[in-house]
């Protein structure tokens, strides 16, 4: 089972297959200048077993959707308004950055489980729609996972990973609660 029980057919209603609110801008007045409005099986029960979900991504000027992965999904992003720099990093041994600046009407694909990001490089707000091939794609923010885990990773591990001294690693770890 995928974690979500199917509703008995006699109790299914049209509301199980609809979501409203993607026409409303997300609040980007935060340190990242970014807000995502998710539409997954949690919002639309009718997505259960369908293998898809989506989101609306709103970016203020300079806003960033920080490097993250979706462990259970590939993603296609379509820019609806503004200009976004998008990119992903390939796996070892190359770890090559694949990046492009997209304008409204252009799309980009992020392969499953690869670290990727989006950044507003325009002067005004930017909006994108994201489609994912999982009803429950999951999201792991890379920096938050390394520096913000609970309990914290050992300072020595973070220092070695960043090729920095223990004081720098401790300072970075202290920024995440």
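Keep in mind that glycine also has a Cβ here, set from the backbone N, Cα and C atoms.
In TrEMBL, annotation is done automatically, which means it is predicted and not curated.
Sequence annotations record features per position, and here TrEMBL assigns oxalate binding site to 65, 70, 75. The Mn(2+) binding site annotation in TrEMBL covers 68, 70, 75, 116. Annotation comment: TrEMBL describes 20-170 as domain 'Cupin type-1'.
In sequence order, 69, 73, 88, 110, 114, 115, 137, 139 are the residues of the same chain, not among 68, 70, 75, 116, whose CB sits within 8 A of the CB centroid for the Mn(2+) site. The record gives 65, 70, 75 for oxalate. Within 8 Å of the mean position of their Cβ atoms, the other Cβ atoms in that chain belong to 68, 69, 73, 77, 110, 116, 130, 132, 137, 139.
Looking only at the binding-site residues 68, 116, the densest Cβ neighbourhood within 10 Å occurs at 116.
This prediction places the mean pLDDT of the domain 'Cupin type-1' (20-170) at 97. For the pair residue 75 (oxalate binding site) and residue 116 (Mn(2+) binding site), the C-alpha distance works out to 10 angstrom. Contacts of residue 70 (oxalate binding site) defined by a Cβ separation under 8 A and a same-chain sequence distance of 6+ are given as 110, 112, 113, 132, 134, 137, 138, 139, in order along the sequence.
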